[in-house]
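As recorded in TrEMBL:
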{"type": "TRANSMEM", "residues": "18-37", "note": "transmembrane segment"}
{"type": "TRANSMEM", "residues": "57-75", "note": "transmembrane segment"}
{"type": "TRANSMEM", "residues": "87-106", "note": "transmembrane segment"}
{"type": "TRANSMEM", "residues": "112-131", "note": "transmembrane segment"}
{"type": "TRANSMEM", "residues": "152-174", "note": "transmembrane segment"}
{"type": "TRANSMEM", "residues": "186-207", "note": "transmembrane segment"}
{"type": "TRANSMEM", "residues": "266-285", "note": "transmembrane segment"}
{"type": "TRANSMEM", "residues": "297-317", "note": "transmembrane segment"}
{"type": "TRANSMEM", "residues": "329-348", "note": "transmembrane segment"}
{"type": "TRANSMEM", "residues": "354-378", "note": "transmembrane segment"}
{"type": "TRANSMEM", "residues": "390-413", "note": "transmembrane segment"}
Amino acid sequence: MDTDNGSGGGPVRLEGKFAAMAVCWLLGNGCLFSWNSMLTIEDYYVYLFPSYHPSRVLTLVYQPFALGTLAVLAYNEAKINTRKRNLFGYSLFFVSTLLVLVLDLATSGRGGIGTFIGICVVSGAFGIADAHVQGGMVGDLSFMLPEFIQSFLAGLAASGALTSALRLITKAAFENSKDGLRKGAILFFAVSTFFELLCVLLYAFVFPKLPIVKYYRSKAASEGSKTVSADLAAGGIHRQPEQVGQDPKQPERLSNKQLLVQNIDYALDMFLIYVLTLSIFPGFLSEDTGSHSLGSWYALVLIAMYNVWDLIGRCIPLWKRIKLESRRGLTTAILSRFLLIPAFYFTAKYGDQGWMIMLTSFLGLSNGYLTVCVLTSAPKGYKGPEQNALGNILVLFLLGGIFAGVTLDWLWLIGKGW
């Protein structure tokens, strides 16, 4: 890839674009792999804790920790060491996933309130880790190539698709064996633990040394960013204090409040995308879709279809011709998705499983597509530090939407006697 070196000396050749995209995809996977593993083995937790509505409670525990932590991090974004933030997040994912495995082995797969509280504590830890990693990575990648953030977001969706595929395989493999659900769950979290460790190593030792990543981080530092210095040092670039100073010709960076005011439509777009998605997925799909010929496979198939189409939706914007970039067009498309609420309600009540699978696929497709369109369009035209801040703000609204969505998800239980 050729790009201007910023000093008027002509373009420089940057290596490592596709390697960086691959690492971004893997890091995106790691950001949600553990949490998706917990969501995807809901059938095991429903079996262990039948009275506690785990598919809804675990999500409701996760979200306040994620949202509260990210609110603090986004407010202080300009002063936070991005490298330490992301490494802490991936390390916490690794330790928490290992704890789920240890907890299940220590209790020999028994239920009870003590075990459930332990699982809830781990769910809260996942929320704290997600706030560190998702906001940190989206902010970091916002001042690099749009393809990097798109790859990271595709990785987030791929984690859901991979965990769903793994869950279907383990269910088929262990369905007729004693403790089949538990064996599948243990295998799940063993794979997740290994994968989170891989992400820690990738971010610590591989990503900062890629030439194209070093170029964009150096560029952000020259524009006044103080969050990238540790990552530059890890890549072998030690900037002198005078190098990090802002160009006097450049205006001071916009404040977080100014960025929010200028991009309030994008922020509300992110909020509304996830309010709708999480008011249906995964709680409604796990508990409220009735009885069908697929039996215990039905909820797993629905969640798998959502995850696969979410991944496809995040890859579609790579084709520029069908990428939606109009601000008004994005808002119109996002508002029109709310028609899915009555569609799901009446399909669950009167439709068959084919219609429900089709609706769930569209929910995933539109969620992935619109998320990538908003997060890749919003940072255009800003300097590196502003793009980093804006990425954090948009992820904060995304998590706010998820929290509101999982809270509204309980409304589906009205009239069901709980």
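Heads up, the Cβ atoms here are built off N, Cα and C, so glycines get one too.
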Short question: which residues 6 or more past the ends of the transmembrane segment (329-348) have a Cβ under 8 Å from it?
265-266, 268-269, 272-273, 276, 279-280, 284, 288-290, 355-356, 359, 362-363, 366, 370, 373-374, 377
By a Cβ-Cβ criterion of under 8 Å, what residues six or more beyond either terminus of the transmembrane segment (186-207) are in contact with it?
20, 23, 26-27, 29-31, 33-34, 37, 40-41, 86-87, 90-91, 93-94, 97-98, 100-101, 104-105, 163, 166-167, 170, 213, 234
Contacting positions for the transmembrane segment (57-75) when only residues 6+ beyond its ends and CB under 8 Å are counted:
35, 38-39, 45, 85, 119-120, 123-128, 130-132, 134-136, 256, 278, 282-283, 389, 392-393, 395-396, 399-400, 402-403, 406-407, 409
Cβ pairs under 8 Å only, please: of the recorded stretches 112-131, 152-174, 266-285, 354-378, which one is richest in them relative to the transmembrane segment (390-413)?
266-285
Would you say the transmembrane segment (152-174) and the transmembrane segment (297-317) are touching, if the rule is that at least three C-beta pairs must lie under 8 angstroms and be 6 or more residues apart?
yes
What stretch in 87-106, 112-131, 152-174, 266-285 has the biggest tally of Cβ pairs under 8 Å against the transmembrane segment (18-37)?
152-174
Surrounding residues of the transmembrane segment (87-106) on its own chain - C-beta under 8 Å, 6+ positions past either end:
27, 30-31, 33-34, 37-38, 115, 118-119, 122, 125-126, 128-133, 136, 182, 185-186, 189-190, 192-193, 196-197, 199-200, 203-204
Tertiary contacts of the transmembrane segment (112-131), as residues 6+ beyond its ends and Cβ separation under 8 Å:
31-32, 34-35, 38, 45, 48-49, 52, 54, 57-59, 61-70, 73, 88-90, 92-93, 95-96, 99-100, 103, 399
